[in-house]
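Engineer: The following block contains the structure, expressed as structure tokens.
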Amino acid sequence: MILRYLIFFAQLWALCLANVNMFISKEEMNRTFGVKAELNYIEMGNVSSYSTKFHYRVMANIDYLSFTWNAVGIVHYEVYVESDDSSVLPIVRIPLKGTVPESLQDFTVEYRCAGHRSGQFAVSLYFTFKYGNKEPLKVKLRQEKICASRDGRRGLNGGYEGHEVDDTDSIDKAFFVIICIAAAFLLIVAATLICYFKRSKKEDMIPTRLPTSFRNSLKSTKSAQPFLLSTPRDGPPTLSAISSAPCSSSSASGNSIIPSKPRNIDVRRALLQLYQDRDAFQSLPLDMEGTFGEVRYAIWRQVDDVLNGDVDDEEDTFCNQEAVYTKTLKNNASPIQLDRFLSDALLFYNITPHQNLSQVACVASFGRFDRPETVTDFPLVCYRHQGFGNLKKFLTICRHGDKTKGAQTLRTHQLVSLATQVSSAVAHIHKYRIVHNDIAARNCLIAEVNGRLQVQLCDSALSRDLFPADYHCLGDNENRPLKWMSPEAIANELYSSAADVWSLGVLLWELMSLGGSPHAEIDPEEVYTMILKGKRLQQPNNCPDQLYEVMLCCWRVLSEDRPSSEQVVHGLRDFNIQLSQYI
């Protein structure tokens, strides 16, 4: 009898603690929307007002959407789906009634475009969750399915739920086609595996020190690539090693060093030009946050008057959706922090775009910047970005090898390519006489474009708040990235393109060390003294000698002895070409 009571109370307690979670995973968001961020609908029984208001766009080339859910305790559900137009047939691939699984599981909703009409069509997914004596939890999830006009689209009788085909010839033909496709697939898999193992074997053959023939070829073209000679060394670099690095003064002395000057941007005018209505943005969960600022992905819904669908709802006048990377301040930020935030964010404002430069795409507010009295929120600064987000965060994940967070195995040629790309961005801003003053992995974004990694140099807005451990104060009440700075910048605050090149060398080191912390063993107050004594960052594992020589060139004490950013680009490109011969 006592045992029965214990079981009863245990079940009652479980019902009282019951909760449900539902979300779209990072992998599914990346597959369907190109954004590697999780979209939470319900978390421990709490419904996200942000996410449930969001109309998830299911593009024409996407046939289904996967949701992930689980329950804590016993949770019963009911679900049904409806479409506002018969041109779309939504199908939920789970029973319409049942119990939410306790372990994380996926279920899918299929969206079938029927007929020949094109346009966007609203689909609503209704859930009711029941547990214990609590009020039922009702959730409505909205999707918008895009259907492209094409002849021969599968109709409503497209082989679902008992539709039978009696034509034996058709079955035979279908069977034959399936066999052919399977055979072709096996051949493709076999060929892919062979190519993969050959490529892996070839990359594994790349030594830390490239072959003598490669070094000789570099020596024979010394005038064309002055940075890429290989100098065998044991232990950390010394002053003599740095002085003898293959970037002679003759190659660097002709450089025109660009001093750092304020850009004097008219912030109000820039905000007016970049303004967008905040209601057009659907914020996703936090990606990073500090004390005063935060970073999120968001969906920018842009108005397009050309709409072929017949849905009359005002929401559906928004046709194009674009993923953006956003920065904004929290409510506890001060006006001084707002001024600094906007000044930093607009560093690249109004200069010619570059594929490796991340510039502000728009600034959103619920009010209007031409009527300041209507602006009660902090501006949402938006960058076009569909990728992994912050480079430093991405490199750290890759170094730790956490596949659940998107870790990748980065090969030498990929890292050299990223180094070349970010150097190209630095050379681009220097061409417009803009000095960055804070070049580092924390101020870059990384994505995958057409199967290749692409890095973009970004401004330093919010970096001091998001990465406080990278900034230190030397008694002047100014937090500075001392371990990325040149000696003249530390001692005399002399910022220039040459100081940027020093920081660029540290960024190359961050890439090759997969987000390592430079000079981690040195106190910030001692960095300047140690640099003058010849202390330099050690060569990372698997970093080719020629690339490390480029870093040493960037770290020469005298600013006039350093190469220009353009010379660094040329050197890295030449090295990349040579390296590709071994891949």
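These residue numbers are counts, starting from 1, taken along the chain as shown.
A Cβ is built for glycine as well, from the same backbone N, Cα and C atoms used for every other residue.
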Engineer: According to Swiss-Prot, D287, M288, E289, G290, T291, F292, G293, E294, V295 bind ATP; which one of K327, K392 is annotated to that same site?
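Structural biologist: The record-listed residue among the candidates is K327.
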Engineer: Scan N30, N356 for the residue that Swiss-Prot records as N-linked glycosylation site.
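Structural biologist: Swiss-Prot annotates N-linked glycosylation site at N30; the rest carry no such entry.
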Engineer: Which residue, chosen from N46, N350, is annotated N-linked glycosylation site in Swiss-Prot?
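Structural biologist: Looking at Swiss-Prot, the N-linked glycosylation site feature maps to N46.
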Engineer: If you measure N46 (N-linked glycosylation site) to D287 (ATP binding site) at Cα, how many Å is it?
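Structural biologist: Here the two Cα atoms are 20 Å apart.
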Engineer: In the predicted model, what is the mean pLDDT computed over the topological domain 'Cytoplasmic' (195-583)?
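Structural biologist: Summarising the topological domain 'Cytoplasmic' (195-583) by its mean pLDDT gives 83.
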Engineer: For T291 (ATP binding site), what is the secondary structure state per DSSP, taken as helix, strand or coil?
Structural biologist: coil
Engineer: Where does N46 (N-linked glycosylation site) sit in DSSP terms: helix, strand, or coil?
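Structural biologist: DSSP call for N46 (N-linked glycosylation site): strand.
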Engineer: Measure between the Cα atoms of every pair in D287, M288, E289, G290, T291, F292, G293, E294, V295, K327, the residues the record assigns to ATP, and report the largest value in Å, rounded to a whole number.
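Structural biologist: So the binding residues stretch over 14 Å, Cα to Cα.
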